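**Q** Structure below; questions to follow.
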Amino acid sequence: LAFCRGRIVRVPKGPLIRVVGTEVAIPCSVSDYDGPSEQNFDWEFSRETDFVRIVSTWDSTFTSEEYQKRVGRGDIKLRRSSNDAVELVIRNIQPADQGRYKCSTPSTDATVQGNYDAEVQVKVISDGLSVSGSKARSSTSLRLSEGDSFKLRCSAITTSPEHTHLHVTWQIKSGSSWQDILSLTHEGKFQPGPGYEERYRSGDIRLDTGANDTYRLSVSQASSADGGAYRCLVSEWVRGADGSWQKIQEKSVEIATVSIQRTDVVISTSNVSVTERDSLDLTCNITTDRSGIFQAEVMWYFSASPDDTLSDAQLLLSMDHDSVVSDSTLISLSHVDRNSYRLLVRDVDVEDSGYYFCEAAIWVPLHNGSWHKVVERTSAPVSVVVTALEPDYDVFLNASKTPKFSDDPTELNCRITNVQDTEANIRFTVSWYYRQHLPGDNVVTEELLASMDADWALLLGDRGRERIQNGEIIFSKKSADTFSLRIQWTSESDRGDYFCVISAWSRHRNNSWVKSKDVTSAPVNIFWATQDYTLTVEAVKLKPFFVAGHTFEMTCKVSSKNIKTPRYSVLITAEKPFTDQSNPNGTTRIISLNQDSVVRLEDWTDQTRVDGVVLEKVQENEFRYRMYQTQISDAGLYRCVVTAWSPGGGGMWREAVNGLSNPIQIDFQTSGPVFNVSVHSDSPTIYQGEVADLLCIVTTEGMPLEPDDMSFDVSWFAVRSFALDREPVLLASLDRRGIVTQSRRNGSSDLSLERISPLEFRLRVHSCEDHDFGNHYCVVTPWVRSATGVWQREPDIKAKPIFLSVKMDVLNAFKYPLLIGIGLATVIGLLSCLIGYCSSRWCCKKEVQETRRERRRLMSMEMD
């Protein structure tokens, strides 16, 4: 392919048939060339033998004398479409331009390869295409009504000597441009224009051929969009030498101008406002210029929103084209005149407020006696507002009982007065609201306590819902015009403004109740003077000096003011040093005693000393806390958190105020041993399947101890990352009694934890896997036995982590696959040799017949 590569110049396959007087564009392109990307082109023309130079892209003096005027006027020019392609454009081609055209490219290649020019034959034929309108009238104006039908005709004929086909397209002028309606292509296919596909499939738009080369456009169900100028566009096509269709000329003629009179449907009245119980009168007018026989079909709709569609709206009443009206009791539809239809709604209600619109359809008779719908329109919606007959009344709110102190009852009465213009179908309900007083200019929001619906059912608000359900707040109706609100036990949070809203409800035709009016009362303020609660808590340490193992005691004395018959709940808390691993936040809740003297252990987690803490009530305002057999880990600041409670309504206790005591410190001064922990491994890098040994070594400094006087809780952790940026995972633990606890593992590796000496603990990971890597460390909790025989817990000690790396044994990983592969290859090779030997021995053996030669001795010359 590399040796065959060369420049290729291409022109269309001839002959090219063109019509005299039209514009001709002959393309020429070049490919597979060397040199610059932009190539130059020369065009020459020959009628018989010699070629005459026409035009060039790079040489302005290339044009011969007989073509200089036409090139100068622009009748002949070159139009470049890309760097490697141009078009020779000849405007108003004449019979003298018929002949051979040659396109050539100057060489820019390193070697001469391929073809550098190409020729094409151009044949110029006479113009035999004629297009005209109808013989009766070449151009006319049609004035039609919406829904009518019309037909337009045009004639197109060609006398071309070549075998050409016609392409006929009907177009309508939309604005300043022409839009295709329907075409009969040069291949004999019907093609609707954009937006006309559905009408073509339904048969409303057709294109028929008739005698004398006429083409008729038929349009049914004309709409306002069909108004405009219509023309017939005819193009002539010929099949080229390469089998493709080429358009050689195009002509058009305007046929007619069509105007469509639109049919409108309007409601004579604009926005309407009527009073309840009156009648609503609306008229639907149909505007049309039809003079023939037609009938109208009218339907009235109601909608709550002006944007609702017909499917969402409610059909009120309808009249078909035979003047048959659907049945209704309170709504009537009448035919006022030829184009007007009246809707009358009697005894309107508030629910009749909304939007009304009518839909009208025009029906015309056909030749067979049936009726055909030609147009359908919907009017714009008309807003109708029905004003309710509101009753006139006033609302008065007063407090029959006001609290002087907390927990006193409160009672409010909401009364309806000066009732006028009320009917038997009016009902009153009440809604109660609370508004809190805020300092300054803060915005005050209203909170709903409860309300009644039209059926006098009580609906609770968010404020005080639980108190209402417990019966602490009671709503009642004392009489037909009086509603009551009673708070059994009023608290400080109930202080504020209260007001009521009386709602009037009207009964509608369907026996439903609709709210017609709301009247709000003046607010009533509920307030009484109070003094702030005060609470003082003092903690006292009973024994100023003690050592580990002894009992710690402290008392909490409470004093309060402005609290009626208080009771106290006490909580003991401890603030441990930040070195305590069990509680990194620092504060621990130990034990509590509530206002009913019920004791509860909070966050006390030492199972060995469940009974080691006691909290008791010494007097009404004095409490004592004891902690037996204190440990060094119990060091910290201890406080009493006291809550004062006052009796509330219904035998409930209400929280009044909280208090915090001064801290009592527990600090042990000891000169005992100091423990250090480290992690060691002889081989921190191992292969998969091997055993990893990790040692946790405890060392002591200071006062020496006997091995029997100390024990340790050891826990092993792992962080599965190179950096310590993940949560540690507990692997196993060994308590001081020798009980081993392991966490659940997902892999096939196993763990073992043992004590190999009084101060050394070994963790083994058997059959290591790749997920066993990471930083490993141990946490040791020392226990030391004091001189009194009590075991004391020392603070936890964390060792510096060591990184365990697990590698893959490449030889062991590939040993078995290699042995299996070599074995299979050997077996297959021996089997192949055996099959070949057997085939050559028995299956493919060929007997070779040798030609037998006679063996005769030469005779001597004497015996010849």
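Cβ from N, Cα, C; glycine included.
From TrEMBL, here are the annotated features:
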- 21-113: domain 'Ig-like' (DOMAIN)
- 146-254: domain 'Ig-like' (DOMAIN)
- 263-360: domain 'Ig-like' (DOMAIN)
- 391-520: domain 'Ig-like' (DOMAIN)
- 673-781: domain 'Ig-like' (DOMAIN)
- 816-837: transmembrane segment (TRANSMEM)
**Q** So what's the mean pLDDT when you look at the domain 'Ig-like' (263-360)?
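**A** The predicted confidence over the domain 'Ig-like' (263-360), as a mean pLDDT, is 81.
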**Q** Across the domain 'Ig-like' (391-520), what are the DSSP residue counts per state (helix, strand, coil)?
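**A** Going through the domain 'Ig-like' (391-520) residue by residue, I get 8 helix, 74 strand, 48 coil.
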**Q** What counts of helix, strand and coil residues does DSSP assign across the domain 'Ig-like' (673-781)?
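**A** In the domain 'Ig-like' (673-781), the DSSP-based counts are 6 helix, 62 strand, 41 coil.
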**Q** What is the number of residues in the domain 'Ig-like' (146-254) that are helix, strand and coil, as DSSP sees it?
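**A** DSSP composition of the domain 'Ig-like' (146-254): 12 helix, 65 strand, 32 coil.
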